């Protein structure tokens, strides 16, 4: 099983429109031989098809394991993505995983969508 290069894993993968659940996930690569520890990075995943935050995490963690990586869910929330208005709002929490650090999530989203207005709040579900 090949070990994934973390740089090849997109930081953000979210649906293009609507309000949907999202999770913030830390992905760990297996340590390279001679390396003191595994490398890691945070990724944001959000999809309309997910009824529960765990649905997203289960799919993503399964995909990452196939690439030789381990994952941990850092929390979740919701994303309101209005592509026509170029606005993304991150808010709320996951009943299963607790709230994600929305500040981290929004920084990653801003990097992918630099011409968008990206905001966050801890309130709401």
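One is the number of the first residue shown, and numbering goes on along the chain from there.
Cβ coordinates are placed from backbone N, Cα and C, and glycine is handled just like the others.
Features of the protein shown, as given by Swiss-Prot:
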type	residues	note
ACT_SITE	53	active site, proton acceptor
BINDING	21, 94, 95, 96	substrate binding site
MOD_RES	2	N-acetylalanine
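Least crowded of the binding-site residues (95, 96), judged by neighbouring Cβ atoms within 10 Å of its own Cβ: 95. Note: the Cα of residue 95 (substrate binding site) and the Cα of the residue listed as 'active site, proton acceptor' are spaced 8 Å from each other. Remark: residue 21 (substrate binding site) has 46, 47, 50, 52, 53, 55, 56, 76, 77, 78, 79, 94 as non-local neighbours, by Cβ distance under 8 Å and separation of at least 6 in sequence. Every protein chain shown contributes to the tally, and the Cβ of residue 94 (substrate binding site) ends up with 23 other Cβ atoms within 10 Å. Per the record's binding annotation for substrate, residues 21, 94, 95, 96 show a top Cα-Cα distance of 12 Å.
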